[in-house]
Structure formats: structure tokens, C-alpha cells
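> Encoded as C-alpha cells, here's the structure I'll be asking about.
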Amino acid sequence: MVAQSDNLQESQCAAAPGVDPQQADSPGEGLQHEASRECDVRRSIMQADTVVVKVGSSSLASSTGHLDPKRLGAIVTALSHVVRSGAHLVLVSSGAVAAGFGPLGFETRPDDPVTRQAAAAVGQGLLMAQYEGAFSRYGVRVGQVLMTAFDTIRSSHYHNVQSTLKRMLELGVVPIVNENDTLVTSEVRFGDNDRLSALVANMVRADALVLLTDVDALYTAPPTEPGAQRIGFVPDVVAQLDGIKVGESTSGVGTGGMVTKLEAARIAAVSGIPTVLTTAAYAGPALMGDPVGTVFAPLKHRGTSRRLWIRFASNPKGTVVADAGAVAAVRGGRASLLAAGTVGVDGVFSAGDPIWIDSEQGVHVAKGLAGFDSDEIPQMLGRTSKQLSRFLGEEYARPVVHRDNLVLV
Ligand SMILES: Nc1ncnc2c1ncn2[C@@H]1O[C@H](COP(=O)(O)OP(=O)(O)O)[C@@H](O)[C@H]1O
Ligand SMILES: N[C@@H](CCC(=O)OP(=O)(O)O)C(=O)O
């Protein structure tokens, strides 16, 4: 963002207790602290060019659970300043169910999933109409993007969504993303929008992720518990959350609670993206780098978005079992899994689907994208590339999982 905040004083730049910025612990798997100082993380959020903001149902609904246009309007006012200051904004917004159940005659948010899906179908259009009206007061154009978990799993869908979002941002449009509630089944649903927002942040290579909810920060325990203390800064969300009690949603409106928000912060951190979590009323100050909410430092080694997608979004469909030599080669970091080192295959999958690579002891070694359909692999097990090309044809002399499509677990 272009705007500067006077409130971000150097005096805030104290390292977190017990963390030496020069010698921070490594959280493992080659990750290192990018910025251990709270002020640096807040400053990078303030200076972000591309920001993904996630708004939860609990921030958009009144105490009765219905969509509250006043709350939505206040959020839009804060976000419009960000857009007008020159930043690119992607808004991941829940609220379709909250907008839809009232007009259908329900007094409270329906419990059963199919009625909720029907409410979302009615509410999504109403939600967008509210956003359209509110953003247009600031001259900001918006566009609707509905996604399912499948779109973050299938490579072709992922790349299509990615290029559409990129083009919308180039055109100055604010994409408003929600899960496509009417299409999702229980197997492939996010349910909450927290993880979706982190995957979208990764997709658009955002510089900051902002999670807006009904609580002002992460606490050491659900804030309803006596003695719960606010946490202002988390330098390492992958390794340093021992002793913090995170709970499910208690609002009766949201889904996922703090558990899924921390998952989102983790995905963002290892994607090299800082996160700030706070209440919707502090959206403006959080985006200006003010000391509100909880900030999560990014961790180094961003990796390619493809690898991050394999790591976080993909839901393995099957398993290929590797012998000890192949396991050692894959763990070494730069080797593909060749048919010569495979001893078994399990599950039904197509080439391009995510699969596990397991050791013969049944330990997950890596996750990767299959090079072949599951029914092609049995005839390839233990064969060298020369044998494969001679007996099955040249097209089989390829890795079962190529190293570019593989992440260690
Ligand atoms: N350790 C914690 N710190 C802060 N909030 C917590 C914690 N554990 C659980 N929560 C709960 O998480 C809720 C926010 O999640 P949720 O209701 O799903 O909101 P949203 O609709 O914004 O996604 C808070 O209202 C709070 O009660
Ligand atoms: N896609 C749903 C979101 C469900 C939900 O409550 O999510 P969240 O508020 O992010 O925990 C909707 O628009 O109502």
C-alpha cells in the first residue's frame, strides 16, 4: 500500500520475548524466519501491494445471525481506502447463508447442510448486491468468484482461477471470492473460508493476508475462558503454538473457529505471506500497520506456488510404495520417483492426481502428482527406464512422480 502510518513507531520494534532475531529457531523443512520483529511484519502489511482480506460470517451478521448491511458497509469503507491508495485487493467473503436464510422464512441459521446450501444459493446474489452497492459508492468495481476445494486441487482449474484473478486485479476489479456452497459435497468442502483465503493469497502471490473475525486477536485460550491473554505477535506459527488453546466457533454464525484461522496463518506463513488477524472494526488500522490484533510472521523459502498447492490443497487419492533406495533418493530432495524404485500401488487415481509416496513400512514420505493412472502402474513396478521403453513403449520411460511435482512431508 502507498499510505504510511504515523503509528508504526520504531519503539514497537522489540523482538518477541525469547526470540533472538538473528538466531531464531528453524521450524524445520528448510523454513527460516523471514522477519522476527513485530514492527517489520506490520510494516510489510502496511506496504503490501496485493492484499487478500477474509471476512467471516460472524463479522457480517447481526446478533440474530442475519446479514447486517451496516456491518458490511463499514468493512467496505475501510477496504475502499486500501483500493484507492493503489493496492490490489481480493476479498474472500462468507455471508451467503447469513444473507439467504431470512428471506427464505427461517428465523435462525438452518442446521441441516442441504437447507444451508439452498440458503447460500439465495443469499449469494443478495450478498453480492450489497457489496456491489457499497463498493460502487467509492467507485470500486467488484466481480464474483465462486470456488470449490476441487478448483484448488485440479491443476487445470487452479491455473484458470489463478489467471482470472490476476486479470481482474490488472483491470482494477476487486474479486469477491466465496466457496461455491451449492456445488460442494462434504468430501471436498472447505466449510469455512479461512483456508480458502490462504490458498487464494498463495495463488495471487499476495503480500499480506488479513483475517477479519468477531474477536480482536488470537488469545491464549478461547476469550470466553477466564485468564485468556491476547497474543500480539506470533513469530513462528508452525513451531511456536504450544500451550495455546484454540477452539471451535462459539458465535453460532461462523464455522471453524480459531482452528482454521491458524491453519490459514500457517499456509500463509510458509507461503512467505504475513498475516494479521483481528476484528472487522479494526480492518483499517490493521491494514495501516497499527498494533492491533495478532500478526503472524512469514517464514522464508516461499517455494513455487505449484509446490505449495501440492502441499496444502491436494487431497491424495492413492499411494505408491517406494523401496528403501527410492525413499532415500526422494528424501534427498532432488530425485524423481522412478518405476525401478516402486514396489506397490494402492487406490484409484488418474495421471495428475495427488498421491502419497509411502515407504514399505507405511510411512508417508512425500506427496506428489501421479505421472500415470493407477491401473498403468502395476506393470511398471521395479522396471528400469530401459525395460519400460522396450516392453511398454517410450511414453512409459518417465518418472512415476516427477521431482517438480513432489513435496516432502
Ligand atoms: N484461542 C482463541 N483465541 C481467540 N478466539 C478463539 C480462540 N479459540 C476459539 N476462538 C473462537 O473463534 C471464534 C472466531 O471463529 P468463527 O466464529 O469461525 O469466525 P468467522 O465467522 O469470522 O470465521 C471467536 O469468536 C472465538 O470464540
Ligand atoms: N460459504 C459460507 C461460509 C460459511 C462460514 O460460516 O464461514 P466462516 O464465517 O468463514 O467461518 C457462506 O458464505 O455462508
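Cβ from N, Cα, C; glycine included.
Because TrEMBL annotations are produced automatically, they should be read as predictions rather than curated entries.
Copied straight from TrEMBL:
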type: BINDING; residues: K54, T213, D214, T255, G256, G257, M258, V259, T260, K261; note: ATP binding site
type: BINDING; residues: S94, D181, N193; note: substrate binding site
type: COMPBIAS; residues: 1-12; note: compositional bias 'Polar residues'
type: DOMAIN; residues: 318-401; note: domain 'PUA'
type: REGION; residues: 1-39; note: region 'Disordered'
> DSSP on D181 (substrate binding site), three-state: which is it?
coil
> Which binding-site residues out of K54, N193, D214, M258, T260 lie by ligand 1, going by a Cβ under 6 Å?
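Checked binding-site residues vs ligand 1; flagged D214, M258.
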> Quick one: which of these binding-site residues, K54, D214, M258, T260, have their CA within 10 A of N193 (substrate binding site)?
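Within 10 Å Cα-Cα: K54, T260.
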> Including all protein chains displayed, how many Cβ atoms other than that of K54 (ATP binding site) lie within 10 Å of its Cβ?
29
> Calculate the per-residue pLDDT averaged over the domain 'PUA' (318-401) and state the result as an integer.
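Looking only at the domain 'PUA' (318-401), pLDDT averages out to 92.
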> For D214 (ATP binding site) and D181 (substrate binding site), determine the Cα separation and express it in whole Å.
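One finds 22 Å between the Cα atoms of these residues.
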> Nearest to S94 (substrate binding site) by Cα, among K54, M258, T260 (binding-site residues)?
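For S94 (substrate binding site), the closest Cα among K54, M258, T260 is found at K54.
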> Consider only the binding-site residues D181, D214, T260: which of them have a Cβ under 6 Å from an atom of ligand 2? Write none if no residue does.
D181
> Under the DSSP assignment, what numbers of helix, strand and coil residues are found in the domain 'PUA' (318-401)?
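Looking at the domain 'PUA' (318-401) with DSSP, the answer is 27 helix, 24 strand, 33 coil.
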> What number of additional C-beta atoms lies within 10 angstroms of the C-beta atom of N193 (substrate binding site)?
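Taking every protein chain into account, the count is 27.
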> Other than its own, how many Cβ atoms are within 10 Å of the Cβ belonging to M258 (ATP binding site)?
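Taking all protein chains shown, M258 (ATP binding site) has 24 Cβ neighbours within 10 Å.
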